[in-house]
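Trainee: According to TrEMBL:
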- A:D43, A:D111: Mg(2+) binding site (BINDING)
- A:Y81: site 'Interaction with target DNA' (SITE)
Amino acid sequence: MNSPVPDWTGDTGALRAEQEALARQVRLRDDFRKPLRTVAGFDVGFEDDGATTRAAAVLLDADSLAVLDQQVARLPTRMPYVPGLLSFRELPALLAALALLPTAPDLALVDGQGIAHPRRLGVAAHFGVISGLPSIGVAKSVLVGAPRMALHDMRGAFTPLRDDREQIGWLLRSKPGCLPLVVSPGHRVAMPSAPELVMRFTTRYRLPEPTRLADRLASRRDPGAGDD
DNA sequence: GCGACAG
DNA sequence: ATCTTGTCGC
């Protein structure tokens, strides 16, 4: 699983072209171990006013949701945030955190978009293609597209997210009274499976456990430990 | 030209 | 993403 991210030269055109090429490698069919044994959540946070990128990876038992391991990788930030090019900024740290886990997960839940992206390569899809792991994007807001219909305020309800006539993901009511999550397949996961898999790992919070725990670790919000 | 815009 | 107290609502 190699393929470094190109250096940031300010040339967004080259990066967009790179995304289009990688998007062709995305596979939207279920292709993961069944039943799932482990699942991992990934998220990124920043330190030193953004100078340091901090990625967190939390490995859980897919059945009990017990935490099996958690890691934090810190790398110097190489690129600024540019809408649509987020993966180039966060991927290096995410891959570093993945490499620190004792074993690769059967499925990865990444904070951000899967294929619900202008060129169908959000950070979760990029992460999946580069690592080769099955992945799903779990974002807290929409980047592109619009919901097809109103969403019921019932736990587990979901409605298609479309860009033109193409379905690129779902709006998922993971918790009543809360804004819906934007769920989209990243790699090796079929469109219909994404919301079902995310709900499988969701307990009493808006975010599914893998991503929720990675969120707290990446944002130094970890109750208990102080650092990695 | 005018907004919109994951984290 | 990050800076931050109190406050509204289930």
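Keep in mind that glycine also has a Cβ here, set from the backbone N, Cα and C atoms.
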Trainee: Cα of A:Y81 (site 'Interaction with target DNA') to Cα of A:D43 (Mg(2+) binding site): how many Å, rounded?
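Mentor: That comes out at 15 Å between the alpha carbons.
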Trainee: Indicate whether A:Y81 (site 'Interaction with target DNA') is helix, strand or coil by DSSP.
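Mentor: Looking at the DSSP assignment, A:Y81 (site 'Interaction with target DNA') belongs to neither helix nor strand, so coil.
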Trainee: Looking only at Cβ atoms, how many others are within 10 Å of the one on A:Y81 (site 'Interaction with target DNA')?
Mentor: 11
Trainee: Out of these binding-site residues, A:D43, A:D111, which one has the fewest other C-beta atoms within 10 Å of its own C-beta?
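Mentor: Ranked by other Cβ atoms within 10 Å, the binding-site residues A:D43, A:D111 bottom out at A:D111.
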